[in-house]
Amino acid sequence: MSDSPYRSGFVSFVGRPNAGKSTLTNALVGTKVAITSDKPQTTRTVVRGIVHRADGQLILVDTPGIHRPRTLLGERLNDLVEATWTEVDVVAICFPANEKIGPGDRRIAENANKLKKGIKRVAVATKTDLVGPERIAEHLLDISTVGSELGIEWAEIVPVSAKAGDQVGLLADLLLGLLPEGPPLYPEGDLTDSPDDILVAELIREAALDGVRDELPHSIAVVVEEMALREDRPADRPLMDIHANLYVERDSQKGIVIGHKGSRLKDVGKRARLQITDLLGVPVYLDLHVKIAKDWQRDPRQLRKLGF
Ligand SMILES: Nc1nc2c(ncn2[C@@H]2O[C@H](COP(=O)(O)OP(=O)(O)OP(=O)(O)O)[C@@H](O)[C@H]2O)c(=O)[nH]1
């Protein structure tokens, strides 16, 4: 047994879209609690991932990437992020190592600096596997310079690669060390507080995002309408029935998502079903329909219906 006190608390990952926040959250938790994609602005909800350790509990709050909002959805997401900042112990800003620090990053850092004094600021240099040691050194120096210019005192500056697993354990150690002493906040074994229907909808959305381009990724939303174990099944052969709707904004998008003779939708359903089966630990029957919610990203009523 070590003598270090038990610590627990909240760490929020922030950064511009595509900075690698969700991938890092999953790497730290050790399982997929947040979906990821190569499209910017994938994350639309606040996902809490929980890291359990003998010496503490780290609750990671993965947030949507902050950007200049172009739609009502964009505005709602930015508000959501700033609201979560007030409830955390540490704000960790992600700066991807393969990109120069830009005005968007500076704005995020500035806002993080307006938070209560007690909240600690950490800089994470993400995606270090994509660059060489010289570029990493330059990036770390840039982060430190941005800190001095904006008057931010970085509690830590940590380079990591969530993909390669480099320094992920070290980051967990350092973050835990910044948390207050306190009891566990979630039961042993809980890896996220997202309800199953939300996780399932997200896995379907992740499968649907793969291979679509331009505006379409932003137009896709998924809602699970029903999810229940099928009755009259033998105890050793359970089956989960899931009915979900995949929404797009326009008729032309519907055709793309469904594909030639339904081939694309079938493929999305198949890939999502495998992931959902993994998540829930039971075989799944997935009934997936594509519907149109016209211009939902800009329509308050539709946004409400879709859970924003
Ligand atoms: N090579 C490499 N790629 C990474 C790493 N971390 C994330 N990525 C990739 O970067 C892209 C964005 O990753 P996400 O984790 O979805 O980024 P995010 O910051 O959560 O993005 P938003 O949800 O848009 O805010 C994905 O294609 C990831 O596979 C990393 O450590 N190395």
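Each residue's number is its place along the chain shown, starting with 1.
Backbone N, Cα and C atoms are what each Cβ position is placed from, and that goes for glycine too.
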Legend entry - region 'G4' per TrEMBL - which of 126-129, 230-233: 126-129
Inset, instruction - Would you mind telling me which of 36-40, 41-45, 251-255 TrEMBL tags as region 'G2'? - result: 41-45
Inset, instruction - Among 62-65, 298-301, indicate the range for which TrEMBL gives the feature region 'G3'. - result: 62-65
Inset, instruction - Indicate the candidate from Asn18, Thr63, Thr128 with the smallest number of other Cβ atoms within 10 Å of its Cβ, considering only these binding-site residues. - result: Asn18
Legend entry - Listed binding-site residues (Gly15, Lys21), ranked by Cβ neighbours within 10 Å, top entry: Lys21
Inset, instruction - Summarise the model confidence on the region 'G3' (62-65) as a single mean pLDDT, whole number. - result: 74
